[in-house]
Amino acid sequence: MSFTSILSPLLLSLLLLPSLSNSNALPSLSSSDTICATPPYKKLVLEGGGVKGIAYGGCLAALAEAGLLDYIDGVAGSSAGSQAAAMVAAGYNGLEIVDELLALDFTMFLTDGSWNPLSDVNEFVKRYGWFSGETVTGELDKKLQRKTGLTNTTMAQLHKHTGKEFRVTAVDVITKKLVYIDHNSFPDMPVAQAVRASSSIPYFFRPVQYGKHLLVDGGCIRNLPHDAFPAGVDGEGSVLALSVRGEPSESVIDNIIDFSSALAETVLFGPSSANALIEADDDEGIDVVQVDYGDVSVVDFYLSDVAKVELLERGYNSVNDRLLECKHPGAKRGLPEWLTNLKLKTAEKARVKLEIETQPPDYSKHLDNLYSSLETYAIQYKECIDENGVAYGSCGIKGFGRVIRDESLFEMLGELWAVVRNDRVLLLLFVLISVVSAFVFALAVIGFGAFFGAKKSQKSKFHLN
């Protein structure tokens with residue numbers, strides 16, 4: 001288990017603890033009533049949900065296939081939902097968003113900070129967060145540039161280019177209020193920076209300083225921005241809200257990581273949390289679709305490709321089922337061909353990968369290469385030995401260094417590690433051998449240094465005499 005996988009849910013639950021005091025702020029959504037849009041949806045609202053946001057690719061593909069995505073003239077999102085919302089606002093179609101979300105490596109967002117807690121804890125305290133979030137900004141700006149042709153596209157520029165309203169939530173810790181960032185309130189703010197602000201989980205990512213504002217994750221207060229657009233203005237059910245909270249289920253908690261993840265899920269998506277959905281009455285005109293996400297957590301940063309495709313399928317089915325329920329003429333039963341093919345292709349890649357990983361490693365080729373290298377180094381070593389059997393300068397040490405850096409040795413050790421890491425007994429044995437080997441190696445280096453130092457000292461004394 002990596003340090004990242006431990007830190008992620010711990011920080012996430014830490015930042016959410018204060019919001020538990022407002023747990024009765026809003027009633028939960030009653031899912032018994034279904035609102036069917038008479039005209040096509042005009043506004044789209046996406047809830048924050050971390051890694052679960054991959055499901056939005058399937059949701060948007062279902063809307064596109066039903067001919068509804070093109071009617072959307074306003075989109076809003078919180079946290080991870082703001083990233084998918086930005087792509088909709090920029091003009092990405094359903095399948096393009098599917099491709100972008102599948103290609104997204106969530107672990108890259110954890111690479112723009114330092115993992116040296118001793119030297120960088122001061123930086124963490126000064127900047128209020130571990131990761132800078134610049135990777136989020138850079139990756140999204142590239143996506144926007146492909147559609148707008150502009151770098152650092154601002155909120156005003158995006159609105160002018162597409163004509164669509166785009167809003168994201170953020171929390172201003174200076175005023176302690178929820179703010180909606182759009183082309184009117186923050187016209188000169190880069191879209192990528194706005195999305196980064198909406199996704200800046202406190203302590204985990206550094207807050208965004210913009211003018212007098214200090215902005216953090218909008219999901220802390222409004223994870224589903226249901227009030228981003230006036231409901232019912234464009235007709236009953238004209239606002240489609242996609243929620244990735246699903247039905248509450250009991251958690252199995254065996255350790256601090258499970259506890260932290262469950263706490264984060266409770267505060268963000270629990271039916272009694274401050275982030276609970278408002279009661280969606282008919283006159284509000286909001287159609288809330290709860291997207292099925294299985295057992296995926298908001299912090300499953302190392303999600304497999306198979307799990308990602310399953311999320312896409314769940315998102316597609318959630319929206320398509322609602323359209324079928326509402327008897328929308330564009331809805332079709334069953335999975336589309338592209339999704340069926342994607343499932344088959346991903347499953348086959350996973351099967352081949354598993355087959356390769358479970359094959360017993362062939363050490364013979366590495367041993368042969370290593371033996372050949374050792375012979376070469378031995379010959380080279382002999383060539384730099386004088387008549388008294390003493391190596392010139394550091395020749396011997398350099399030769400030994402070439403041996404321990406040999407590619408064959410590292411390949412063999414890598415395959416050995418792949419075998420032992422899943423077996424506790426072998427793993428313990430491997431660690432013990434590694435520690436002992438490191439200790440012996442250190443003694444050998446010290447011994448070599450002392451030996452050659454003594455020889456050099458004796459030689460110097462001989463010449464002086």
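Please read every residue number as a count from 1 along the shown chain.
Glycine too: its Cβ is placed from the backbone N, Cα and C atoms.
The annotation active site, nucleophile is assigned in TrEMBL to S79. Note: S79 (active site, nucleophile) has non-local neighbours G48, G49, G50, T169, S198, S199, I201, D217, G218, G219, N223, i.e. same-chain residues 6+ apart with C-beta under 8 A of its own C-beta.
The local packing around D217 (active site, proton acceptor), expressed as other Cβ atoms within 10 Å of its Cβ over all shown chains, amounts to 28. Following the DSSP three-state reduction, the secondary structure of D217 (active site, proton acceptor) is strand. Annotation comment: TrEMBL describes D217 as active site, proton acceptor.
For the domain 'PNPLA' (44-230), the model's pLDDT averages out at 88. According to TrEMBL, the domain 'PNPLA' annotation covers 44-230.
Residues of the same chain lying 6 or more positions beyond the ends of the motif 'GXGXXG' (48-53) and with a Cβ under 8 Å from any Cβ of it are 77-84, 101, 106, 198-199, 217-219, 223-224, 244-245, 268-269, 291, 293, 296-301, 303, 311. Annotation comment: TrEMBL describes 48-53 as motif 'GXGXXG'.
Annotation comment: TrEMBL describes 77-81 as motif 'GXSXG'.
What TrEMBL records for 1-25 is signal peptide.
Taken from TrEMBL, the feature transmembrane segment covers 425-452.
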Counts of helix, strand and coil residues, the motif 'GXSXG' (77-81), according to DSSP: 2 helix, 1 strand, 2 coil
